Ligand SMILES: Nc1ncnc2c1ncn2[C@@H]1O[C@H](COP(=O)(O)OP(=O)(O)OP(=O)(O)O)[C@@H](O)[C@H]1O
């Protein structure tokens, strides 16, 4: 519950006012049966109508006051719980945004959505319930026991017995429920993940006609959720009638023993009536308390899941400085294995260096570690051994924000967001004017923008659904150019472009307005040949570094790529 102390402090005033209202409301409820016993004992039994009116009106006033407190606590409870929920969601979102890549790789996005929605709703409901009914239940329960004892100590022993049985039942139900509710939320994660996966890959599913397989996967997750739902509800399903039974038996015993005491002149009718009402109140509050514990168990499971998100590792520390780097890159014997990977390093003992303003092509078979170089240069991960030096700074001495402000990346899979073309381009530079947008688009050969109905104001669907693969790549390149960072990385970012357009993009990038270092990760030899230096990767290692001519002399892997692509005429 440490997690919530911050929110509790923020809303403690309305929270305590609500608690006060609930307590006063409970007191009003508790007075009811005692007032009723007065109506019976001093009014009805003695034939005094005045007393009946007197105690009756008093009872009405007390009920009215109780109703006013109930309205006040309801308003406060909804307000506080919803505000707390919104604050919690905002903090969770901020935390997720600050996730390190390790954390992002670890927690599935479907699960994060469940935690942001379902688990948070669970906490909202708990806070709301706690302020509205939960506190009232123990007050009414304990108050009923005290007032019943004051009325008749002998009869009240039955109540104590009932409460003891119920306490044991609640204890066991909690013990059994907690792991079940935790499993239930996990099963919900799986359902969300399956739906999300389907939505992301809907076109592929349609193209491959794998609806059946997807439906089977969803059904499996859905069945699992259903079974976990039944298992978690089972405890309450069994406990609730047992509670009612315990209280029912208690009431019957009260009436039976009460009648015997009445015949012995040890109890009067009013007391027995009040006792049965107190028993009913105790039953209601015990059911409430059981619900409290069920909710508490669910909330505990949700809290643990939300706590896991808050405990996730954040991106490397932010520095206050924001140095402008020149773009010089040096890798010194770098070895790196993905923390959640197989343990086999994706990069092994890698060394190379590029001067500021130079262009470097990285070429090599698929899975050879080319993209991993990009992620390391963006400081998404830190190396296990060796050093990455930017200018003269060890990258670990620079804040992640600082590094990223000096590096622009155009990823393998272009990512666009719903909004206008201009909005998407401005990710590179939010202050860019239309001339700068045009200039970047021109360099990236994104001339198709002007043929769109509203030019730069044309609206793109989510992930640029209304664009072709090549158009998305060109917008993504323009966005990278617009950032005007010291290092621009194109990670296989021209794979969907035809050879002529690609060479025009290359020309545009060579025509630099400032001393920018250009890294082109590519599978194409023609692209690599246009760079000042080429790094050849194989199995995470540097197997060749130099100019095209040098590599044609010394690097077998490069020669193989060249002969396969250029001499067989597949490349321009
Ligand atoms: N997030 C990740 N977690 C674990 N392992 C990963 C992750 N990303 C990549 N790898 C592994 O690291 C190795 C290098 O991957 P990388 O993406 O750098 O290769 P690549 O040369 O860019 O391949 P491609 O040309 O196919 O894009 C591969 O074996 C891959 O399975």
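Any Cβ shown, glycine's included, is placed from N, Cα and C.
From a predicted model like this one, the values you see are computed outputs, not experimental measurements.
As annotated by TrEMBL, domain 'ABC transmembrane type-1' applies to 16-298. Per TrEMBL, domain 'ABC transporter' is recorded for 329-564. Look at TrEMBL and you will find 52-76, 133-151, 157-178, 234-257, 277-297 tagged as transmembrane segment.
Annotation: stretch 133-151 has the most Cβ pairs under 8 Å to the transmembrane segment (277-297), among 52-76, 133-151, 157-178, 234-257. Long-range neighbours of the transmembrane segment (234-257) within the same chain, counting only residues 6 or more positions beyond its ends whose Cβ lies under 8 Å from a Cβ of the stretch, are 154-155, 158-159, 161-162, 165-166, 169-170, 173, 176-177, 180, 272, 275-276, 279-280, 282-283, 286-287, 290, 294. Note on the transmembrane segment (157-178): residues 141, 144-145, 148, 232, 235-236, 239, 242-243, 246-247, 249-250, 253-254, 257, 278-279, 282, 286, 289-290, 293-294, 296-298, 300-301 of its chain, located 6 or more positions outside it, place their CB under 8 angstroms from a CB of the stretch. For the transmembrane segment (133-151), the residues of the chain that approach it from at least six positions outside its boundaries are 19, 22-23, 25-27, 29-30, 33-34, 37, 159-160, 163, 271, 274-275, 278, 281-282, 284-286, 288-289, 292, 295, judged by C-beta separation under 8 angstroms. Along the domain 'ABC transporter' (329-564), the predicted structure has mean pLDDT 87.
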